[in-house]
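A.B. asks: Below is one structure. I have some questions about it.
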Amino acid sequence: METELMRIGVSLPDTLLSKFDEIIEKRGYSSRSEGIRDAIRSYISYYEWMGDIKGHRVGTVAVIYDHTKRGLSNALADIQHHYSHLIKSSVHIHLDHDNCFEVVVLDGDGEEIKELAEAIMSLKGVKFSKLTTVASNEKI
């Protein structure tokens, strides 16, 4: 159980904070702090799940990014070329003038898939990224 609370400061774009405030109100949180604690717990849980990605996997990485960010499109292409042995397909959609949505379909070693996803997630200009995988040998 968490006992000691630490005060931190966070800088956010106003549109992101407005959306977060809407969610807090709809979910009935008593404060932004409670919403942030819940979001951090969810992030930690997802990160721990990513640590368990082992063996042969199939999955996707979904990414929304600002293609006007200098060097980002090239960095994404470099990552995809480096991990081309894992990539089976990709779909690229222009959302608006600045933003693109890309889904990359993957098949291969789970640890390498995780490396690819983390390389994409760490790039400046990536606004959203989500890795989803399943063990390819599971009986469905």
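Glycine is no exception: its Cβ is also placed from the backbone N, Cα and C atoms.
Residues or ranges marked as Ni(2+) binding site in Swiss-Prot: H81, H92, H94, C100.
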A.B. asks: My understanding is the cutoff is Cβ-Cβ under 8 Å with a sequence separation of 6 or more in the same chain; which residues meet that for H92 (Ni(2+) binding site)?
C.D. replies: C100, F101, E102
A.B. asks: Non-local Cβ contacts of H94 (Ni(2+) binding site) (under 8 Å, 6 or more apart, same chain)?
C.D. replies: C100
A.B. asks: Any idea which of the binding-site residues H81, C100 has the thinnest Cβ neighbourhood at 10 Å?
C.D. replies: H81
